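Student: For reference, the structure I am asking about is given below.
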Amino acid sequence: MSRIAILGSGAWGTALAVHLSQRSDHNVVLWTRSPAAAAEMRQQRENLRHLPGFALPAALTITSEAIEAVADAEIVVSVVPSEHLRATYTHFAPWLRKEQILVSATKGIEDGTLLRMTEVIRQTLASSALNPPCGVLSGPSFAQEVAAGSPTALTIAFVENAFAAKIQREFSSATLRLYTNEDLVGVELGGALKNVIAIASGVVTGLILGHNAAAALITRGIAEITRLAVACGGRRTTLAGLSGLGDLVLTCTGSLSRNRLVGMELGKGRALEEILTGLDGKVAEGVRTTFAALDLANSHGIEMPITEQVAAILSGRRSPLDAMRELMARPGKDE
Ligand SMILES: NC(=O)c1ccc[n+]([C@@H]2O[C@H](COP(=O)([O-])OP(=O)(O)OC[C@H]3O[C@@H](n4cnc5c(N)ncnc54)[C@H](O)[C@@H]3O)[C@@H](O)[C@H]2O)c1
Ligand SMILES: O=P(O)(O)OC[C@H](O)CO
């Protein structure tokens, strides 16, 4: 019996918990920060706030106690929004052990430090002299579809392939297929940066600019995020995989994407603050990632024209239509 802790009860953490607790050889605990939310989920057997419509299996344990969540866990999966990752691991550090396998399922880049999520985890745990294996789970995966058992393929990346192979065995099912990878940089940056392009794709849709524009944006988007990921040490082939092109296509075209929704509403002329308020606590990571990605690109001397325009729109410096015109008016380039 493998004991798995999921830290974070948003849509994705809950969907992973639902999926993993369907295997009879797993003992899964879902941690949520609020005791009231834990009590409600235990009583209703449903996460009404973040993943309504999906029953929480009877075998799934729900807790708000850090010690109950991780004390006996062999695998710990963190799925909190990127802005809360450091605080979450600081909170959990006293109960974590070096033998545990950590998996990050958060897609983002930390503000200020510009660190990837596994780097934030390592840095946070270093002060407790903990250095457990830490990998990343990423790829095209709307939480609702994974919870519904729709076929999904993901990437699991660890520097040490043995850990990726272990998570591949533990997380795979008839509806979830995992591919292993050793390129943490490429997998993490692919998952984080696609959210920025998804906002731009939403803008194109909101402005009703047509299918040609949408296809151009996805294609030039993958070129741009690949440039940055490669400059940071990622592999070009990784960005052509599930946690690059795969997730980019899903998020740029899928109606379930929050990042695309933010872009669409911006394109229709709504103000960012109003859109984010409307998300009611659901995270659209691309908003923060846009500015972190630009800082990272500047530090590596990488040109990111789409990301620059998304930043200009988000910060209110340019209208969505002017931003798209600027992209078209750039000097001619080789492909
Ligand atoms: N939703 C998806 O389909 C999906 C799929 C793959 C990856 N992801 C990624 O998973 C991560 C989590 O997103 P989500 O969609 O599960 O969340 P969500 O948008 O459904 O919910 C937000 C979550 O943030 C939590 N939260 C708010 N303040 C917090 C704090 N101070 N400390 C800790 N947690 C706090 C809330 O309790 C809630 O669980 C993001 O990085 C997202 O990009 C999401
Ligand atoms: O709803 P989004 O835009 O946060 O996207 C969710 C997942 O990252 C898709 O893989």
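Yeah, the Cβs are placed from backbone N, Cα and C, and that goes for glycine too.
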Student: Can you find which of Lys98, Lys107, Lys282 TrEMBL lists as binding NAD(+) at the same site as Gly8, Ser9, Gly10, Ala11, Trp12, Gly13, Ala143, Arg258?
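Tutor: For the NAD(+) site that includes Gly8, Ser9, Gly10, Ala11, Trp12, Gly13, Ala143, Arg258, TrEMBL also lists Lys282.
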Student: Given that TrEMBL annotates Lys107, Gly139, Ser141, Asp247, Ser257, Arg258, Asn259 as binding sn-glycerol 3-phosphate, state which candidate in Lys194, Lys333 belongs to that site as well.
Tutor: Lys194
Student: Give the helix, strand or coil assignment DSSP yields for Lys194 (sn-glycerol 3-phosphate binding site).
Tutor: helix
Student: By CA distance, which of the binding-site residues (Arg33, Asp247, Ser257, Asn259, Val283) lies nearest to Ala143 (NAD(+) binding site)?
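Tutor: Nearest listed residue in space: Ser257.
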Student: Out of Arg33, Lys107, Ser141, Asp247, give those binding-site residues positioned within 10 angstroms of Gly8 (NAD(+) binding site), comparing C-alpha atoms, in sequence order.
Tutor: Arg33
Student: Looking only at the domain 'Glycerol-3-phosphate dehydrogenase NAD-dependent C-terminal' (183-324), how are its residues distributed among DSSP helix, strand and coil?
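Tutor: The domain 'Glycerol-3-phosphate dehydrogenase NAD-dependent C-terminal' (183-324) comes out at 107 helix, 0 strand, 35 coil.
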Student: Express the distance between the Cα positions of Lys194 (sn-glycerol 3-phosphate binding site) and Trp12 (NAD(+) binding site) as a whole number of Å.
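Tutor: Answer for this pair: 17 Å between alpha carbons.
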Student: Are there binding-site residues among Lys107, Asp247, Val283 that sit within 10 Å of Gly10 (NAD(+) binding site), Cα to Cα? If so, list them; otherwise say none.
Tutor: Val283
